[in-house]
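K.L.:
Before I ask anything, let me first share the structure, which is written out below as structure tokens.
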């Protein structure tokens, strides 16, 4: 095991710039081991040097076990490739791997971050430095020259090649795309700061015999937009995020809206405010991206979401949080990656969670061909545009809402039905279907579950 010394801060002003879509590209193996946290008193400003009053040693073990120096046991999960969260002895630690603005990152050191008890009644500041492995690596995708201000060129032959290459789905030209720059389309697909590669190897859990037995009687198809028992649909209308990279906020709000309707038997039917998340969340980067685990999960539990009428959606990052502390908010609790930790998610668990508790956010890798999707069961093609001599549409991570699954009656292909946030004119009236059972584009890796608080 390796020693790592970290800085954990509770100051929101610092957090705003450190909590989501960083250039870090770290793995389970990087986080696994023995970490030492130095803790100090709460301060109103980020300290350059912390007067540490105590330290805590926490060991992160396989697959999701956390044990502190006193023998208390808890759990932990990697947060994509950006950091991890530990819950132990009624306290939560949010750790984001250290990085610099030039794209350098260090998987054995943290940025200033949060620690607070699970009741959010008391918080602390802690800081530290790396003991060993004090080496920064470069994420070449982050901050690379991208010609981002160039207007996107629609190449009709590219769409034609997509349709000729395969028959599972059909692409279509959306003329409005030519009005946007490459950076604006990146924002729409996840945000310029989500241009990070998915870990090549996940600490993935395969379905157990018990799980296979438990899910053996699940229906062949299920769709919350049209429940099979004829009941009301809890799925709220399609949103259009515009060119703001707020996709992480839309499915987080939509999932909470749906689950509140189900738990309350439709006695409560809020339409929540993703704009509040864009303006106020210390766990994301406004219009530059974020992750549902930190929004539907942590932000929903720590801060809650007010209704849309409080802060309507503008698709802009104002940088100012104007929400009254006294407004009614809807909260989440008991959030986690499906399966308990990042890497534990699989198809069967996703089906079970979907049917049992309602729609939930997922993330997946967006390639250039996806923006031209019109209908059918999407899978990434190897077709490349020949207009540019570089790849202008670098890989991003896009968050969406899983609402159903089924099997195509013509092709026999299994699929997930997913709600996007690009308006009703895109795809299948705002939805798309994507290949199920193969972790296509990572769609079976980032499912997030939570319970609504009523």
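Glycine is treated like the rest: Cβ placed from N, Cα and C.
The signal peptide feature in Swiss-Prot is assigned to 1-20. Per Swiss-Prot, N-linked glycosylation site is recorded for 25, 265, 326. The disulfide bond annotation in Swiss-Prot covers 26-107, 244-287, 280-321. Positions annotated as active site by Swiss-Prot: 247, 398, 420. Per Swiss-Prot, the feature chloride binding site maps to 291, 337; the stated evidence is similarity to another entry.
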K.L.:
Around residue 420 (active site), which of the listed recorded positions (107, 247, 265, 287) come within 10 Å, judging by Cα atoms?
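P.N.:
Correct set: 247.
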K.L.:
Which Cβ among the disulfide-bonded residues (26, 280, 321) has the fewest C-beta neighbours inside 10 Å?
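P.N.:
Candidates: the disulfide-bonded residues 26, 280, 321. Fewest Cβ atoms within 10 Å: 321.
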K.L.:
Of the recorded positions 291, 337, 398, which one sits closest to residue 326 (N-linked glycosylation site) when you measure Cα to Cα?
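P.N.:
Among 291, 337, 398, 291.
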K.L.:
Mind checking which of 291, 337 has the fewest other CB atoms within 10 A of its CB? They're the binding-site residues.
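P.N.:
Taking 291, 337 as the binding-site residues, the minimal 10 Å Cβ count falls on 337.
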K.L.:
Could you check the recorded positions 244, 247, 287 and say which one's CB has the most other CB atoms within 10 Å?
P.N.:
247
K.L.:
Report the member of 25, 265, 326 (the glycosylation sites) whose C-beta atom has the most other C-beta atoms within 10 angstroms.
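P.N.:
When each Cβ's neighbours within 10 Å are tallied, 25 tops the list.
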K.L.:
Measure from the CA atom of residue 398 (active site) to the CA atom of residue 337 (chloride binding site) and give the result in Å, rounded to a whole number.
P.N.:
16
K.L.:
Where residue 244 (disulfide bond) and residue 26 (disulfide bond) are concerned, what is their Cα separation in Å, rounded?
P.N.:
26
K.L.:
If H, G and I count as helix, E and B as strand, and all else as coil, what does DSSP give for residue 287 (disulfide bond)?
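P.N.:
Residue 287 (disulfide bond) sits in coil per DSSP, no helix or strand.
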K.L.:
Looking only at C-alpha atoms, tell me how far residue 25 (N-linked glycosylation site) is from residue 265 (N-linked glycosylation site), rounded to the nearest Å.
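P.N.:
Counting only the Cα atoms, the answer is 42 Å.
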K.L.:
Ten-angstrom check, please: count other Cβ atoms within 10 Å of the Cβ of residue 398 (active site), all chains counted.
P.N.:
25
K.L.:
Give the number of CB atoms, excluding that of residue 107 (disulfide bond) itself, located within 10 Å of its CB.
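P.N.:
Excluding its own Cβ, residue 107 (disulfide bond) sees 22 Cβ atoms within 10 Å.
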K.L.:
Which of the recorded positions 247, 291, 398 has its Cα nearest to the Cα of residue 107 (disulfide bond)?
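P.N.:
Minimum Cα distance from residue 107 (disulfide bond) across 247, 291, 398 lands on 291.
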K.L.:
Please report the DSSP secondary structure of residue 398 (active site), reduced to three states.
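P.N.:
Residue 398 (active site) sits in a strand per DSSP.
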